[in-house]
Every structure is written in C-alpha cells, then in structure tokens.
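Written out below as structure tokens is the structure these notes cover.
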Amino acid sequence: MPAKTKEPVALVITGPTASGKSALAHEVALRTGAEIISADSRQIYRELTIGSAKPTPEMLGEVPYHFINEKTIGEPYSSGAFATESRARIAMIRKRGNPVIVAGGSPLYLQGLIEGFSDLPPADPKIREKLQKELAEQGSRALYRKLQDLDPERAATLDHTKTHRLIRNLEIIELIGKSSKPPSPTPEMQFHAVALNFPREELYQRINLRVEEMMSEGLLQEAEALLKKYRPEISNRTLPALLTVGYQELFDHLERKTPLEGAVTLIQQHTRNYAKRQLTFLRNRMQLNWIQAPLTAQERTELAESLLS
C-alpha cells in the first residue's frame, strides 16, 4: 500500500460496540476543541435514544456533535448518503478552523467515508420482486445461506435478520456477479484511523453490563412507545431502523412472545453477535491501526494524550 502523503483531515476512532470509543472521542474533543462526526447508523434517528447509546445531553452540550438526532426513523438514510454528507461536514468544520473526530462503529458508514464506494447498479424491480418472493416463501435464513454460498466474506458481516441488506447484496450479485466492487479510494481526504482492541471475554462482559444499564435507564419504555406509534411498520418489518438489536427483542416481549428475562438475554446475545460481525468487517475489509482499548478512566486519559501527540 503506497504511503499517504496528505495530512489527515480527521482522527477516526472505531471498534466494536461497548469498546469505549465514544468516551475516548469525547475526551479527545474536550482537549482539542474538535467537533465529532457520529458514524453510527442508529444515533442519527431522534426516536432511538437509549438503545442506540447516544451521547448524554451533558456530552452533547460540551462538544458539537454531527449526525445525532438529525432524522426520523421514517426517513431512509444510507451509508452512501452518509459518506457524501460527512465529507462535506468535515470540510466545513475544518474551514472553521476546528479539528474533526469521527467516532462510531457502523462498518459501512466508516468504509464509505474513509475508502469510498464504487458505483453499484440501481435496484432492479424484477430481481428484487423475485428475491422478496423467496424471502416470503423460504424465510430469511434460506436467503442468508444463499449469500454465504455466493459471497461468504460479505455474509460474515450480516445475519439473517438484515433482510434489506441480504436482498440488496443478492440483487447486486445477480446484476454484476459479486455483491460489491472493491472500494474506490478517495485521495482528496486522508484519515488517521484507529480501532480499539478489547479482549473478547471482557468485551462480552461489558456488553452484558451495558444492556442491563440500558434496561435500568428505560429501554423497555422506549420500545413500548415505539411499538405504540409504529405497530404496523414493526409487524411488517418495513422500517430497518426498527429492526435494531435491543428493540426487536423487546417488541417481541411486548407482543407476549418472549418473557422479559428471555428478551434481555437475547439482547445481550445478539449484541455480542453484532460485535463479532463488526470485528470481522473492521479487521478484514478496512485498513486500521489497532490499539489496546482503555480499561479505566486513567487509561482513557493517557490514550487520549497519546493520540494528541
């Protein structure tokens, strides 16, 4: 890989869920006067607060954040749109003379911003209709197995519940023979990107604890309000944002399909599975500098200082 000669336009801090990237980014921003670009595909939605682990109101008051609470869940928002809009925001922030930090763990958001996307074919209604029929008749697990056979690397970044992305990837394979072309470089912007590495068992313990904390903060009540407002969309699975881990399990509980204790256990399990997929994507599909995640506030302060040096 050729050396990058341009000055990085932003520091990127990523890693699996619950690895401490948001707290680290916030501390660096406080020390530098930076503005933070959230690369989290759920924090952009106003209605998803506790389950998306948004920064607290106090944090939002201390540091300028972008792509937090900017959309409603009825507004579709893609990784391509984020890549375009976040680059424009970065240019605007730097024009003001402020540093930029990108923080988040949504893999496609990060890949699109840092590496760019190749042009992909538009949706084909006939192919999509056929795949939707397969989904209805065979179920999402059958479509997932199909993607595993055709593109195991891409399948490793998904699971069978991500039906919109499953269908899109299978559609692209039918159109061009593979689910995605190699990313297009974006030489006009270079990034200093670090990823937080966490011992697997400790990460899983943090995930379990975080879910318990979210429940204490009112995640069940947040899910109940969403179910009351969006029951048809939840039943028909027409809004991808409402398929988010942490909400769909509680919707099932509220519909009397799962006891609460079982729903919480499933949230923990599914979040651990998501962290595993994040790690697979970040390690195999992106060029990142992996560093040891801080385990204490003191270690976080020391790491923040090292990132500034």
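Using N, Cα and C of the backbone, Cβ positions are placed for all residues, glycine too.
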Looking at the candidate ranges 40-43, 256-259, 268-271, report the one that Swiss-Prot labels region 'Interaction with substrate tRNA'.
40-43
DSSP says what for the region 'Interaction with substrate tRNA' (40-43): how many helix, strand, coil residues?
0 helix, 0 strand, 4 coil
Taking DSSP three-state, what's S19 (ATP binding site) in: helix, strand or coil?
coil
So, in DSSP terms, is R128 (site 'Interaction with substrate tRNA') helix, strand, or coil?
helix
ATP site shell beyond G15, P16, T17, A18, S19, G20, K21, S22, criterion: Cβ within 8 Å of Cβ centroid:
G105, L196, F198, A293
